[in-house]
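> Straight from TrEMBL, here's the annotation block:
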| type | residues | note |
| --- | --- | --- |
| DOMAIN | 12-217 | domain 'Cytochrome b561' |
| TRANSMEM | 17-38 | transmembrane segment |
| TRANSMEM | 44-67 | transmembrane segment |
| TRANSMEM | 87-106 | transmembrane segment |
| TRANSMEM | 118-143 | transmembrane segment |
| TRANSMEM | 164-184 | transmembrane segment |
| TRANSMEM | 190-210 | transmembrane segment |
Amino acid sequence: MALTAETESRLYRSLRAVAGAAAHLVALGFPTAVAVLARPGSSLFSWHPLLMALAFSFLMTEALLMFSPEISLLRSFSRKVKVRVHWALQLLALLCALLGLGIITYNKHLNGKAHFVTWHGLTGLLTVLYATGQCAGGVLLLYPKLMKNWTLAKLKLYHATSGLVGYLLGCASLMLGMCSLWFTTSVTSVSWYLAMLCPLLTSLVIMNQVSNAYLYRKRSQH
């Protein structure tokens, strides 16, 4: 028996709500698990995985979900409030990422190890640089008159798209970090696969949110 359009729409919204709730739980649960594993303060290195997990799993995920019409934690607030919270979370994410990058660089220097020679290291460096540029680009949305030949709608679309690319880079860096000797020594078997699913889940939710925003914009133009 075929489903009606209304039933399909309700089912789709329900699935998005469930996936969104899971994304919020994963966004907080993953860095919490990393904190238990790394035991921050036990060594200089221990701060690196925690800061990066906070930056790209928790803070950046929540910053992007802030604009979801279904699963935002502040969906009843005005867009102005959401934008301010988004900015605050993104700046905190960037600060954590820069601190995490600085700590691992200094730690390798102290131990006489080469810098940025693994896929994880290279991807992590690219991600932090990209996130810095993305935050700087966000200033254009606050002062759109700086880009006279661009409409505010286009700036928002390109900022959301480039933000998605940066977020996926962050998730890729987290997943490569879970392939490191430090992580695979501590987390094995089913637990390792479950950990790898965390950034995959949040990535899918964020991609769905951005694609829906793009489709909504296309429909509104017709």
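Glycine residues also receive a Cβ, built from the backbone N, Cα and C atoms like all the rest.
How about a rundown of where these features are and what they're close to?
Averaged across the domain 'Cytochrome b561' (12-217), pLDDT for the predicted model comes to 92.
Residues of the same chain lying 6 or more positions beyond the ends of the transmembrane segment (44-67) and with a Cβ under 8 Å from any Cβ of it are 20, 23-24, 26-28, 30-31, 34-35, 37-38, 73-74, 82, 85-86, 89-90, 92-94, 96-97, 99-100, 103-104, 106-107, 110, 124, 127, 131, 163-164, 167, 170-171, 173-174, 177, 182-183, 198-199, 202, 205-206, 209, 213.
Same-chain residues lying 6 or more positions outside the transmembrane segment (87-106) and placing a CB less than 8 Å from one of its CB atoms are 44-45, 47-52, 54-56, 59-60, 62-63, 66, 115, 121, 124-125, 127-128, 131-132, 134-135, 138.
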> Which range wins on Cβ pairs under 8 Å with the transmembrane segment (17-38): 118-143, 164-184, 190-210?
190-210
